[in-house]
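Some features that TrEMBL has for this protein:
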- 1-248: domain 'tRNA methyltransferase TRMD/TRM10-type' (DOMAIN)
- Gly126, Val145, Gly146, Asp147, Tyr148, Val149, Leu150: S-adenosyl-L-methionine binding site (BINDING)
- 182-201: region 'Disordered' (REGION)
- 182-199: compositional bias 'Basic and acidic residues' (COMPBIAS)
Amino acid sequence: MQFDILTLFPDLIYNYSSESILGRAQKQGLIDISAHNFRDFTTDKHRRVDDTPYGGGPGMVLQVQPIYDCLKNIKALKHENIKTNKNLKIKNLKLKIIALDPAGKKFDERMAEKFSKLDRLVLICGRYEGFDARVYKLVDERISVGDYVLAGGELPALTIVEATARLITGVLGNTESLKEETFTKGTRNKEQGTSDRQKNNYSLLLTPYSSKEYPQYTKPENFNGLKVPKVLLSGDHKKIGEWRVKNSK
């Protein structure tokens, strides 16, 4: 199985994934983990990957263009149309593209089991105040690993990679240890009709994410026909505030 991680800090990925279970699995040819620095796909001399948000607000927002071009450069996607998720068609390849996002679906063992059946999993790591909302047009899902704040998506990405990789045949030397793991056992019991009380024991750390966020946009104003909502360009702070409340989720 191939894991592709889009990140501004490739060494964070390689330093961890070269050791222990993930390192051995790569040496055995069971998985491959590649980190792609989307800063390499910037178009300005300063190699900027972020900019201020349209409509005002704190922090910086990751631009869509470097991420879009980085995705295009990944070998399996090179000749495919990834302008929008609906047009993303990979023939004869089970693939998912995921954005690591605090407001996304909560990652759990059932997701890991589904991912382990893929041929390729692409994970996009955020930083700063998050992604330009148009990045979400390029992905299949938005996923969170918990109700806490991190500096970026690299640790969540590695969490997903390890949880998924260990379910691939041959990655764990002792298959019995996989069968006895708590969350794996919980997933199987759930499929066999485990009681609600038992089910809850396995989901105590996976409560729904409660924070609300609104879509954010930064330059360019128009990217491949995907435009920043006009209200954010209006300078009318009342209307901008109302739009953000309405579109929070």
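Including glycine, each Cβ sits where the backbone N, Cα and C put it.
TrEMBL labels come from automatic prediction, so no person has curated them.
Taken together, the residues in the domain 'tRNA methyltransferase TRMD/TRM10-type' (1-248) have a mean pLDDT of 83 on the 0 to 100 scale.
Under DSSP, Val149 (S-adenosyl-L-methionine binding site) is assigned to coil, being neither helix nor strand in the three-state scheme. Spanning the listed S-adenosyl-L-methionine site, residues Gly126, Val145, Gly146, Asp147, Tyr148, Val149, Leu150 have a farthest Cα to Cα distance of 16 Å. Sorted by the number of other CB atoms within 10 A, the binding-site residues Val145, Val149, Leu150 start with Val149, the lowest. The binding-site residues Gly126, Gly146 differ in how many other CB atoms lie within 10 Å of their CB, and the one with the most is Gly126. With a 10 A radius on its CB, Tyr148 (S-adenosyl-L-methionine binding site) counts 7 other CB atoms from all the protein chains. A sphere of 10 angstroms centred on the C-beta of Asp147 (S-adenosyl-L-methionine binding site) encloses 14 other C-beta atoms.
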